Each structure stands twice: as structure tokens, then as C-alpha cells.
Amino acid sequence: MTAEREKLVLIGNGMAGVGTIEQILKLGGAYDITVFGSEPHPNYNRIMLSYVLEGSKTIEDIILNDHQWYEDNHITLHTGTTVIRIDENNRQVVTDTGLSVHYDKAIIATGSNSFILPVPGSTKEGVVGFRDIADCDAMLAAAKQYRTAAVIGGGLLGLEAAKGLVNLGMDVTVVHLLEDLMERQLDRTASSMLQAELARQGVKFAMGKQTAELTGEERVTGLRFSDGSELPAEFVVMAVGIKPNVQLAKDSGITVNRGIVVNDYLQTSMADVYSVGECTEHRGTCYGLVAPLFEQGMVLAKHLSGVPTPGYEGSVVATKLKISGVDVFSAGEFTETAEHTVISAKDEWKRTYKKILLKNNIIVGAVLFGDVTESASLQKLVKQATEMTDEIYGEVMGTGCCGGGGAKKGLSVEAMADEEIVCGCNGVTKKAIVDAVTENGFTTVDEIKACTGATRSCGGCKPVVEQILQFVLGDSFQQSAKQGICSCTPLSRDEIVAEITAKGLRTTKEVMHVLDWKQPEGCSKCRPAVNYYLGIIYPETHEDEKESRFVNERMSANIQKDGTYTVVPRMYGGVTTPEDLKRIADVSLKYDVKVVKVTGGQRLDLIGVKKEDVPKVWEELDMPSGYAYAKSLRTVKTCVGSQFCRFGTQDSMEMGAQLERKYERLDMPAKFKMAVNGCPRNCAESCTKDIGIVGNDGGWEVFIGGNGGIKPRIADAFCKVRTDEELVEVCSAVMQYYRETGNYLERTSEWVERMGLEHIQSVILGSDDNRKELAARIDFALAQVSDPWKKMLDDNSTRTALFEQTRV
Amino acid sequence: MELSSREYAVGAADDFMLQIGRVVNAGEVELAIFRTSDGAFYAVENHSPHPKGGPLAEGIVSGYYLYDPLHDWKIDLRTGEVQAPDRGQATVHPVTVDGGVVKVSLPEAVARL
Ligand SMILES: Cc1cc2nc3c(=O)[nH]c(=O)nc-3n(C[C@H](O)[C@H](O)[C@H](O)COP(=O)(O)OP(=O)(O)OC[C@H]3O[C@@H](n4cnc5c(N)ncnc54)[C@H](O)[C@@H]3O)c2cc1C
Ligand code: SF4
Ligand code: FES
């Protein structure tokens, strides 16, 4: 028989209380646990009610611990049950349903209630707070039935409620007593920028208005303000503040000020009764955000589990508004007084604002608007009361060099204590994240999110989680966090390619089976990659697997967000003819193409073709596919060149067309772009192309590894050649070497940096034999390709299966 | 409320390629029908549960999972459940294969919508 365990009773089934219990379970605290909650639901993430309202989450989505969790952990849960008294003498909690339960230790975590303005009419139908699922349901229901709403209160909650109701189609006015929104977190400048942004998103404002009365009979019809003016509203949300829910503590004789008074170990005035969360007052402060609650819960959990811990010393709070497209952040002190030194930068064009407050050169607060990338570092600096230095200044005000900034950030993560909470919303410590990464080999924030819950709620901690990830995956951690091409396998690209060759594996299925993939048929990342590697290794025999191709490649057209497709015919070197243009125009008219667009690569996009029309459009265009969807040669951009240009020394149009004809259709690790210029004026912009070619008096100059996309990079000068034949041979060799050594989806810009420019030069320019062999291999592979549009038109059953839509 | 369902014959089993989705309109519902590598059939409404929507039929199929073609969400074809870290639910309907004919049964209410 096991010894009788102590009885722990939690009153309040919310974020702070259950967070504490979770920590106690982790620490192995030996208690028999009973939980009481007034709401009929298991523990959910209150923060995310804003997302439920906005429509991006459902109530189901925000449940943190379902009934099964309580069962699995042998916790007795009483939902829909309110505790009305703690009986100190008999050590019992008493509920409104007539239960009495013995406790050895009790935790009060009753949270807060919405503060309802004590004005006439505030109890009318159609007036709600914004606190729990019931309020949220009421708002969702109101939006179906009514048009106009008023939200009283321009703080975090009020604004999120207002945006949610706007999304639900209501006409919403935010009524605010003061002239500044979120005046408790933002200074005047940030606040007016915020108001302007929200106004653009459709929220109306009535600022500086004091509500005197809610009008209407049974149901509310509007607001009357103290200045006599009125605002009609069929629905009213009160979001003017919260008040700690201390009724139970008061009724039980526990010392209460604004909140339930506790010491640094969260002890109340009653023996063995503790309190955490919004109902608590610590050193004179009641908190209304989750991060402090988790910090309190952590201390309490340790205390109750017999793990030594320093006491709780209060929290620095930081706020982030959860409205898409509106980035606001504030931490610590934000209103400037004579004591403060203020560093600020406002950019009205980019609509960003940044302010840092110093007191005796110590960083004590910060406000960011529009661009919150620095929020994580600033929050730390404020939290640790860091002294301002030239270095920090350079880093956070953006005048330092970017390289230095990055290194610094890594360091600050390194200096962070293991137990420090990174994700305040979900109470996830640095250590939990580091462990998740090292033990499971995670490499993405999403994986960390799925495992630890960090970043799951407001998302404010994402930058720090990313920094920790970077820090852990840095060189010294490389071995413990071995990372394959995706989560299906620990093998790297090179290992997979080596195994395929050594074992003679022929299909993706075989590869995944023999190499012991975690998911037998792979995922959307590795299937296309393995299919590509097989194609490179067996250019002649590998049968391309349509089912392993991303939709665009499978359909040979680009899918758009509405499910229609874009069709792009080839235009070699960006040159077309009046006859072709006429055909394109005719087909576009016939099939009701929505937009004809000239692309950056000098050709025409026919946007908005219906799926079932795609084959007919090809057939009638009767032009080769432009491969705008493919990981292969997209375009060869050309300038006018010697044919017409007064500066041109080389025939760029002709050379561009020749190269495009030669290399079209061939699979590459990623999309591939080229440019050819007739002279060094470089009108076709070869510096941002995978291969850029510039003509000069004595021949051509070749550049490689340029990119104008997500990670722009200027191409490196690769070599100079004299003749057209040499040019083609160099291009062939570079492209084939990239095909053979590139990681799937790796652009040449990354490839050149990974392999090193000198290395590639030595392989291709250092040995004539090498270069010729590479060129021969690409020619062999090129001999195997054919136009997919033609092929598809000849293959009835595939075409029907892919494009036709049956009606039954 | 009485919930009856109606069966729609959506095609011959051979019309469906392995691991490649196909769109069928049944009544007013647009379905994406999938045939997994073990030959089993699944029917999902051709609308991604991602807030931005979009079709599902063109996704990559792996085992019983579908990768949403536009957003790369991973969806269980058997239950419609979106896999972590994303959350959501695609609408799935039961499929039977009867003498080489693939049939999807849709609730009447949906079918008549
Ligand atoms: C819409 C919304 C958005 C928010 N957004 C953010 C945000 O972005 N960031 C942030 O940090 N914070 C945010 N918050 C605040 C955050 O949700 C709270 O700080 C946090 O939930 C408080 O936790 P708690 O456990 O103290 O109280 P709660 O989570 O409110 O839990 C208290 C629970 O106790 C129950 N209870 C009360 N009295 C009794 C009793 N006598 N017997 C039994 N049960 C009882 C209540 O029913 C309630 O379920 C938001 C809050 C809301 C409402
Ligand atoms: S790059 Fe030189 S040849 Fe080509 S268009 Fe410009 S100036 Fe003329
Ligand atoms: S701090 Fe809000 S999700 Fe992590």
C-alpha cells in the first residue's frame, strides 16, 4: 500500500491555476488533486478567445487540457461548480452544489471578472463583458442578428473585441474615455498610429467620451454620453477593465486589498492557502496578463513540490496586440517624465515608431509600433535593467552593422537562465525549448510549438524561440540535433543520394522503405525531393512520379489562390511575333482569361484559367510550355543587343533564345533564371540571375549565383570566355554541377555560398575534362525531355484524371 | 431532425489514379476523391479548412494523409482532422466501392443545400 497522499484543492480552473498544477505534475509533487471551476468547460486558453471571435479558431481549438488529461493525471474535476467558502477550522472547501472537500493545501486561482460600468442601463439585454466562452458565444450570436455595436474601452481587450466584431460584419464604434488608445501601454504617438491603422481596418472611434447611460427598454439601443451626445448600438461590449475576483477569499476571512494579498511564496493570510493569477495582489500589484501568472505558478509549484526556489519578485510585463496587420509592443515604463532620457525614431512613411526610455542610463521601457522585430531583445533588456551602451544602441536602433547584431542576439539567448520563461502565454521555459530541440532534432518553430506549446497563443515569443533554435543548432550542437531533409528521415541529402546509388534504389517508395522512413510514404517535402534525386541519378530510366510532384508541376500550370490556374507560353529570350500575340489574344478571349500580365522575365502570364479549360488552352495556343511553375529553367531575359542597340557589341537576343531553347524543360533543384546582355550596361540585369551573361568586345563574361527573390544576392563574377561555344559549355557545366550537387529547393545563390565560388571555379574551369564531362551529362539528360503539354494532350486518361471535373 | 443520406456513384474505380485526387461534383457538393496507395477511397469536400480556403484535390497524398496544395496543412483523409501544429477540420464523407463503382454517401441536408 502506498502512503496516503496529501490533498491539494485548486479553486478556479483557469490558466494560472491549471498552469500551476501542470508544473507540480512535472516536478513530481505527490498530491491527490481536486479542481473546481465555475465554467462548464475544461481548461482553455483565454487569450485565444480573441481568435475565436475573429474566426480563425474554434472553441475546440483553444482547449488546453481536455477531460482526458484530468483523467490521465488522476485529477478530480468539478466543472460548473463554484466554491463559496473555505472553512479553515475544518479544512474544507464548500461549494454551491453542497459539496465539502477536505484539503491539506488549497490554491485560489479565481481570476477576475469583467468590470461592468455602474451606469444606468448596464444590465440591459445585449450588454456583455469580454471574459469567457459565454461572452464570446454571445458576441458571435449577436453578430448574426444585429448590425451596430459599441465597444466601451479602448484597451487591449476592447480593441481585439472590436476587430473581431468588424470581422463578423458588424459596424463597430470603440468608445474611449481618454484621447489615447491603450494609454496604459502606449505613449501618445504610438497610440495615434494605432488608431489610424485600426480606422483603416474599419473600426470607428468615439474618443474622449464618457458613457453616462445605456438607452433602450429591455434591450439596449444605444449609449448616451456625459456631453449629451448619443450613439446608437444594438449590442454593447464592456471592456473597461477587470476586477480581481476576491469574493470567496473575502467571505472566508482572508486578507484582501484590491486582490488577495500574498507574500513572495504566494501564501495568503490563511495557513496552507495560496493564491495565484489575476485574483492575486503581490507587493501591491495585480497583474492582468498571463506571463506574470506563470512566473507566480512556477514559484508556487516548486514550493508545493518541495523544490528549493527563490521567492517571486514581481514581473515586468510586455504587451502585444493580437490583431493581424497591427504590430504593437510595449514593455516596462513608457510615459516619459523629466527623469527619463528618451531615444525615439518615428517613420511616417513606413508607419513605424520606436521608443526606448532610459533612467540613469538604464533601459527601463520601450514602445514599438509597426515593426516589432526588436521586441524580444528589448523585453530582455528592460527585464534585466540593462545599462545602455554604444553597442546596444547600435543594435536596437538599427545603426550597427547587421552581422554584429545577429551575433549579439545569440549571446543574449545564451545568457538566459534555463528556468526563464520564454513563452509567457504557455509557461514554457528556455530549458523546455532547448530540450525539445536537442532530444527530438527539431529545426522549426512549428515543431517546437507542437511539442511544447511555445508560440501557440499570442505569438509574441516567436522571435526568442527562433533565437534559441538558432543558438542550439549552432555548430556546437550540430551532432545532437542531427537533421535530415525533413522530419521523415534523419538522413541528409548526400546520405540519401549515396544510399540510392549504393543500393540501386529505383523509386521513392523503395527509397523510403529501405531507408526506414518514419512516415512510409514521406511528406510533401521529401517526396518531391527524392523524386528529383532519382531523376538526376537515373536520367534515362527514372519514371517521373506525378504523385510526388507539387500541384503546379503535376498540372504544368500555376495554381492561384482561388483554385484557377495561370498558363504561360514560352517566349524564347523574351521575343515573340505578332502572329503568336494574336493567338494568345484569341485564346485568352475565348477562355475568359482574367488578366494578361507581362512578367519580370519578359513573357505573358494568362491568369485565371479554369482547371478544366487548362488542356484546351494549351491545345489551342499550340506553343511550348513556359515552365513558369517548374523547378527548371524559367526565362532567359535579354536586352536588345547588337541587332538594334547602338551600344550593343554582342547579339544578346539571339544568344538568349539559343540558351533558352537548349536548356528548357530540364529538372533543376529549384527554379533557374538567366539573362544575357549585349554590353556591360547590363540592361537585362544579369546581377540577379542564377547565370548572368554580359557581352563585351572580345566575348562574354559569366556571373553566377545571383538572386532577386526572397534573399537577394548579387551574382559573383565566374569567368570570361571568348566564343559562343565556350559560353555554352561553361553554362552547361555550371548547370549540371548544380543539378548534381544542389539540395532540392536550394537556389544557386545558396548553393554558391555553401559550395564556395572557388570550389566551383576549380571544378569547372580547373579541368577541361571535367567541364566536358559535365556538359556531356547535361546533353544526355536533355535528350530525354519532352514538352509536358504535348505529352498530356496525347494521354487521354491522365488528362481526364487530372483536369476533368465530373458532375453526378 | 431526421438525417437521411443519399448515395452518389462518382465513377469507376479505375478512373482514379493512385495518390492523385480527382474533383467530382455530387449534388451541390464539390468533392475531392482520393485513392490511397493501398487502393482505398476517401472523399473530402474540396475546400481546405485553412482560413484562406482553396481546393484540396491537388494535394500530395502520403499514406492516409493529404498535404493541402496551397498551405501545406497535413490532413487525415480518414477523419478530416488537420494535424498538429495546425488545427482544423475538413469535411469527409463515407465511400464504398461496389462492383467496381465508387459511391459516396452524403447527408440529404447537405446534398440538397
Ligand atoms: C479575450 C481575452 C484576451 C486576452 N489576451 C491576452 C493576451 O494577449 N496576453 C496576455 O498575457 N493575457 C491576455 N488575456 C488575459 C489572460 O487571459 C488572463 O490574464 C489569464 O487568463 C488569467 O488567468 P487566471 O487563471 O488568473 O484567471 P482565469 O483564466 O480567468 O481563470 C479563473 C477561473 O476561475 C473560475 N472561478 C472563479 N471563481 C471561482 C470559484 N469561486 N469557484 C470555482 N471556480 C471559480 C472562473 O470561472 C475561471 O474559469 C486576455 C484575456 C481575455 C479575456
Ligand atoms: S546591355 Fe548594352 S547592348 Fe544591351 S540594351 Fe543595354 S546598352 Fe544595349
Ligand atoms: S508568449 Fe504568447 S504565445 Fe508565447
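Positions of Cβ are set from backbone N, Cα and C atoms, glycine also.
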Same-site [4Fe-4S] cluster binder from A:Cys645, A:Cys719, given that TrEMBL records A:Cys639, A:Cys679, A:Cys683: A:Cys645
Cβ neighbours within 10 Å, counted over all protein chains: which one of the binding-site residues A:Cys639, A:Cys645, A:Cys679, A:Cys683 has the most? A:Cys639
Which range out of A:7-281, A:421-470, A:560-622, A:630-764 gives the domain 'NADH-rubredoxin oxidoreductase C-terminal' (A:318-385) the most CB pairs under 8 Å? A:7-281
Most Cβ pairs under 8 Å with the domain 'Nitrite/Sulfite reductase ferredoxin-like' (A:560-622), selected from A:421-470, A:485-534, A:630-764: A:630-764
Looking only at the domain 'Nitrite/Sulfite reductase ferredoxin-like' (A:560-622), mean pLDDT returns 93
Secondary structure content of the domain 'BFD-like [2Fe-2S]-binding' (A:485-534), with strand meaning DSSP E or B: 27 helix, 2 strand, 21 coil
